[in-house]
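K.L.:
Sharing a structure with you now.
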């Protein structure tokens, strides 16, 4: 009998690959940068006053303190911490500035004192978080109130003005040949340094590791507490310096200077794609978020929108910046679960 022909092996049908979500190809910081370009072009076409050199210079100058403080805030949030006391440190710095100037001190002496105050404020925050194990959100809400109260103790409700013109010029004039104010030029330099630290050094890798999984980072030999303490100190120093810039820029030292600024800072950082839970984010995205906040504020001012409405817009941006990445993550998780379920593979 002739041997039977071997049965043909079943041919596996290639499974149709599910369409990949857009979020795999487009990063959040890229989306924010694109939105920044759209807002800029919309402002330029919508108002003849928007794209002028004078207005752009004003917008950048108005953004200087937010931009400066956003740099250390980025490092903190990447490490899964936050500092809500930054605006109060700015206000306390401004109040001390005014009190010392009123007492006859020279600005060359006042500024180092302010930086020391920033170190102390940062140490208080950092030690409470790292040594006592308290959550930074709760700690800095408390010190936010404490530092603002100290500002009023130092200066009361009065305003101190009439500072030397040469120092006022440093806070308001632009770099020759550009519309960039000196404080914002300083931000650009510090942003480059911060980007290098965050994305090209061992310290930056440690920050991402701490934010992603603090316990694992600790067992990997990373000095978690020391690094976090350093971040809070840097945040305090930069906020205190921003208080000096703010005081000279407006020509007025007041205890309520910078009131509410912490929300704009955090909104810019989160809008730039830094995950509030830590471990994710880019400095480039934060710069785009800072500029987007600044352009929107400027557009609202050009159209005579009330300050209260501007605060509402900032609040909405803060909600959107927190909510959108979580919705995107939930969508990705649902898609993965659907593709891995038996019904999807049958």
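Any Cβ shown, glycine's included, is placed from N, Cα and C.
Among the features that TrEMBL reports, transmembrane segment is placed at 25-46, 66-82, 113-134, 184-208, 229-247, 259-276, 283-303, 309-329.
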K.L.:
Does the transmembrane segment (283-303) come near the transmembrane segment (229-247), with 3+ Cβ pairs under 8 Å (pairs 6 or more apart)?
P.N.:
no
K.L.:
Among the recorded stretches 113-134, 184-208, 229-247, 259-276, 309-329, which has the greatest number of Cβ pairs closer than 8 Å to the transmembrane segment (25-46)?
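P.N.:
It is 259-276 that shares the most Cβ pairs under 8 Å with the transmembrane segment (25-46).
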K.L.:
So, does the transmembrane segment (309-329) come close enough to the transmembrane segment (66-82) to give 3+ Cβ pairs below 8 Å, pairs being at least 6 apart in sequence?
P.N.:
no
K.L.:
Would you kindly list the residues that approach the transmembrane segment (113-134) from elsewhere in its chain, counting only those six or more residues past its ends and only Cβ-Cβ distances under 8 Å?
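P.N.:
Contacts of the transmembrane segment (113-134) (Cβ under 8 Å, skipping residues fewer than 6 from its ends): 81, 83, 85, 89, 92-93, 96-97, 100, 140, 143, 147, 224-226, 228-241, 243-244.
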K.L.:
If we skip the immediate neighbours and take only residues 6+ beyond the ends of the transmembrane segment (184-208), which ones have a Cβ under 8 Å from one of its Cβ atoms?
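P.N.:
For the transmembrane segment (184-208), the sequence-distant neighbours (Cβ-Cβ under 8 Å, at least 6 residues beyond its ends) are 60-61, 63-64, 67-68, 71, 74-75, 78-79, 175, 178, 217, 222, 227, 279-280, 282-284, 287.
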